[in-house]
Amino acid sequence: MAAKDVKFDTDARNRMLKGVNILADAVKVTLGPKGRNVVLDKSFGAPRITKDGVSVAKEIELEDKFENMGAQMVKEVASRTNDEAGDGTTTATVLAQAIVKEGLKSVAAGMNPMDLKRGIDLATVKVVAAIKDAAREVSDSAEVAQVGTISANGEAEIGQQIADAMQKVGNEGVITVEENKGLETETDVVEGMQFDRGYLSPYFVTNADKMTTELEDCIVLLHEKKLSSLQPMVPLLEQVIQSQKPLLIIAEDVEGEALATLVVNKLRGGLKIAAVKAPGFGDRRKAMLQDIAILTGGQVISEDLGMKLESVTMDMLGSAKKIQITKDETTIVDGAGEKAEIEARVAQIRTQIEETTSDYDREKLQERVAKLAGGVAVIRVGGMTEVEVKERKDRVDDALNATRAAVQEGIVVGGGVALVQAGKHLEGLTGDNNDQNVGISIVRKALEAPLRQIAENAGVDGSVVAGKIRESDDLKFGFNAQTEEYGDMFAFGVIDPAKVVRTALQDAASIAGLLITTEAMVADRPAKEGAAPGGGMPDMGGMGGMM
């Protein structure tokens, strides 16, 4: 085992604080509408330019092991905030730095670190409750756009596109962000349920120009197993022909004679029909077939339930206003399922989302909710160069996460003002002893740090701005760093999601509390320069004559 270096007491804490400061100073320059960019070197390709706090934090690795430990702990703050709220990583980093700085000063002055931490925790609980009380619901699409705009560093176009996408697919809908090949940023919306399976034969195509199959007012047969013969289905097919409605068959596979029979019937014009494979694999396939059944108001023909194709009747089939099939995708629009049943299915899947521990499963379950509840929107981010596209994509991702958070827990005044106003609720809060009271005052002072940083990044004195806002009794009064004006932040459109502000503070206080209570640090001792791995070879002098 390698030898270890151990640092204690003030030496350990000072090293750790240096690492915290290096990382936080690099991240906090990005905060606010006039925050600067950070350029990240990449081992291949062009450097990456970003204003995303967590992207900057993740790149930082320090040479000194003890400083690096401090930096990594603050990196954890940014990562956790990003995972929970999707935005607010820079705010969380600034808060963590402010709490750690003041906390370590108090420890150096002889205060008990554990009591300081208890005071910090007491204050955090109180402020989080105040933020939740101050939050109000997002009232309209314009406010969604404002949240997106603020998070995208003031780019109104991004905020508007996210608001439009959310309006079309609903708050539960899936919105994905991709890179566009062109210069423009575009939004495509797929309403209804879409899955990645196309037609099994090009002979099913009804629109030869677009190479798509379009079925209006269509009935849907859902079968769990493979179809290799249509013989058992003949009575059903005769009823379908009489109904004069197109039929879509979704099964594990349709092959051989069954597929040939369908194609021949389609070409002769006797039957308007198409067949696609069921989406997914294994248990997920069964679940998705059940989703489609609920969406279309039909039943899955499953041998597990004792159903046979021979006994299928028309009332077991689902239906939809429109179904469009390309060679790769099938979209079911306006299924005939009961609204109450669809809502019950969505609630059931949500329960599974809460219980699952796998990120992959959670993502797939969320997709299923979106397909049942709303639809899918894709925002394709464009730009002049690859570097610009990547930088804008970061901002769109942040803005999208912020708008989702706003819809979940409501909005508060932006620009760091919500934290300062919530801090006023700490007046009169006392701990069990003086050291805990100091912990409370550390949080109160730290709550001003994001506001000060936003002001300083805009070239204004942060202390003056913080003082003016502290003195005001109007909870909406704040400083708009974009225009350098004071006034009603809601009227300016400067708003933040309550969830982002709350999460940033909770994560910052949690990690900062751990750093303050650190008394010793252990790290690998660096290897001595020049020593060969095996202790070096003995001198080989005098052997020059060997052949």
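Cβ coordinates come from backbone N, Cα and C, glycine included.
The ATP binding site annotation in Swiss-Prot covers THR30, LEU31, GLY32, PRO33, LYS51, ASP87, GLY88, THR89, THR90, THR91, GLY415, ASP496 and rests on sequence analysis. Long-range Cβ proximity for LYS51 (ATP binding site), meaning a same-chain Cβ under 8 A and a gap of 6 or more residues, is found for THR30, GLY35, ARG36, ASN37, VAL38, ASN153, GLU391, ASP394, ARG395.
Residues or ranges marked as region 'Disordered' in Swiss-Prot: 527-547.
The compositional bias 'Gly residues' annotation in Swiss-Prot covers 532-547.
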Among the ATP-binding set THR30, LEU31, GLY32, PRO33, LYS51, ASP87, GLY88, THR89, THR90, THR91, GLY415, ASP496, as the record gives it, the longest Cα-Cα distance in Å: 17
Secondary structure at GLY415 (ATP binding site), reduced by DSSP to three states: coil
Conformational class of LYS51 (ATP binding site) under the three-state DSSP mapping: coil
